[in-house]
Amino acid sequence: MYFNRFYKINSTFNNLSLQFRRFLRTQNVNKVDLYFQRARLIDSIRLALRSNSSDNLIPHLENPTLDSFVVTNALQSAPSPDSALSLIENLKTIPHFAHTHNTLYALAKVLAKAHETAKLQALINAINSGKFINVARVSYMDQMRWYAISKEFKEVVRAWDEWRITLQKHPCTESYNIVMGLCVQLGKDSDAVRVFHRMIEEGALPNCRTYTILIEHLVRSRKLDSAIELFHMLPHVRMKRTLKQYSVLVEAFSIANQLDVVKILLDQMKSDGILPGEAMLWSFQQMQDAGYDAETNELLRDMLPDGRIKKIGYSMDSSEDDNDDEDEDKESDCDHTNVVDQPHLKPWLDPASLANALRKWGAEEVSALEDAKLVWTTRLVCKMIRSFKSAETAWQFFCWVACQPGFNHDIYTISRMITRLARQGCVDLVDQLLSKVEREGIQLSFSTVQLIIDFYGISGNGDPALRVFNSIKTICGPISKSSQLLLYSSLLRTLVKCNMNPDALNILEEMSLLGIVPDLQTYSGLMNHFALHGDIKTVQRLFGMVRQSGIEPDAYMYKVLIHAYCKCGRAALALRVFEDMRNSRLLPDANTKQLLVKSLWKEGKLREAASVEERTEEISDALPLALPGHMFTVSSADLSRVYNIYSKSFQSTCS
């Protein structure tokens, strides 16, 4: 069997004994020291894998500190699937090593990249049969991910179909993303469009990655106008634009020599508070060659290799105790006859693991961090802030790193820290940072302010959200009317989450005085909130405002109304809404129809209940399983527009 060639299965006793020995060995070890000790060993293995000689690899694998963490990250850092598989093969000679969940899953990804489908299936079967201790069954999602990496379309669809049968409902959005993304890679344009249609039809709302896949697909097919149109829609559907999306579009328009569009994208990226990635370096150089010096100089400065970060090079004399910052000096002292053939890499660094080691933020941990003499860059600090599980620990790190040589906080690190604090409700610290921003004349991006207000809704801090909103001109500067609408919508959502209903209605009146009309999803969200609180008068008032503003209600809004009336025993009014819905050529979903029929029966309106059943059957034998759209985020009209932009770009392939 393929499986037997690759792995040996340790007995329960040996595995438990191994875990116990490691537990004893790490009890009194400084977690940060342990992290850097492991990092040096990972670097040694990375370099050995690039040396094409197992003789260089074995001594590092015999290191007593080798564990699943080291092996997992070494596998993920391997230069090729073949080198990763050689590492697995050599591990069979190491008696003190036993595979864990993390190493097996890293191995599965390696097998997928190597297109070793039979061996991948053997590994999945071995895990699912319980041959590995304390390793859970492989989920359908992980199977789909691995088969997608190996471009096994049939296997991806098979796992997806099995998952659907198990759930007896539509699976999560990411499963659609995996299938659709693979269709794009394989050039199955019509299949990708059908999967996206299925996602919307079944009620799985698109997320950021969904839109990234759509944009990448349009760019691959040279439908740049459609790609940029879809991209500009994202704020309206309450979807955060990502660095990946910007990178794809900037590169595409740079290649097309449409540098005026690239300039607009860079301005928007700055407005969104997104730090550019290395993938954009070529595009920025193109811009600079075309004379856009002012727009690119600062960005290029942030993206060029940092000379302070020294490279690691392979040396037969290096030991695990060598400091990363000394590696370059050691390399210059050794024999230069083979220097040309020796690999040079950036030292391995995982911000999430380092942040986890620092979770206590004690004096010993901080001392070990200072001794490591890391080069702190904006990108690394942002990743660290994001990785801390505790906002308080992230704040301690934020204050500490400000005092480190060669580092100064900028708009990106400040924005990341403020939003992190807001999400966990650290109002005083947010106010402290906002005061500093105001004193120093720094203006936050609009998206950062919107995130603060949204996160205050999650942490239940409505009053601070109002204060931030009222200070928008000071914090952010002038904003467009479309941005004002988005900000008002975020504030309304936060206020109703915090049950500040009178304040929400006051804000609604303020919008009316300013001539800012809430969009469909904002109205739906407000109506749903007041319906849940049994405030039918406010629900009716809001629906009247929708009619007066000339907005055409969608199926989701009608659903909210029908549920509201049925819940408070007003089935006659719910029936009237159903009639309006039918006249608009819309239908309720199955649950809404059943609720209406049941409510009519309870109120003795048997003829009307039967009529609802008959008329829905006349229009369609199969009622939709779910209604597209969602309160406060996206309407069915928006989803229809997104689908039309996407599908019409591939009409010739879909017909």
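Placement of Cβ uses the backbone N, Cα and C atoms for every residue, glycine included.
Taken from TrEMBL as is:
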COMPBIAS  318-332  compositional bias 'Acidic residues'
REGION    313-336  region 'Disordered'
REPEAT    172-206  repeat 'PPR'
REPEAT    242-276  repeat 'PPR'
REPEAT    484-518  repeat 'PPR'
REPEAT    519-553  repeat 'PPR'
REPEAT    554-588  repeat 'PPR'
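Non-local neighbours of the repeat 'PPR' (172-206) in the same chain are 140-141, 144-145, 148, 151, 153, 156-157, 160, 163, 213-214, 216-217, 220-221, 239, 624-628, 630, 633-634, 639, 642-643, 646-647, 650, 653-654; each lies 6+ residues outside the stretch with a CB under 8 Å from one of its CB atoms.
Sequence-distant contacts of the repeat 'PPR' (554-588), counting only residues of its own chain at least 6 positions beyond either end whose CB sits under 8 Å from a CB of the stretch, comprise 520, 523-524, 527-528, 531, 534, 536, 539, 543, 546, 595-596, 598-600, 602-603, 605, 608, 612, 615-616, 619-620, 623-624, 627-631, 635-637. In the repeat 'PPR' (519-553), helix, strand and coil residues by DSSP number 26 helix, 0 strand, 9 coil.
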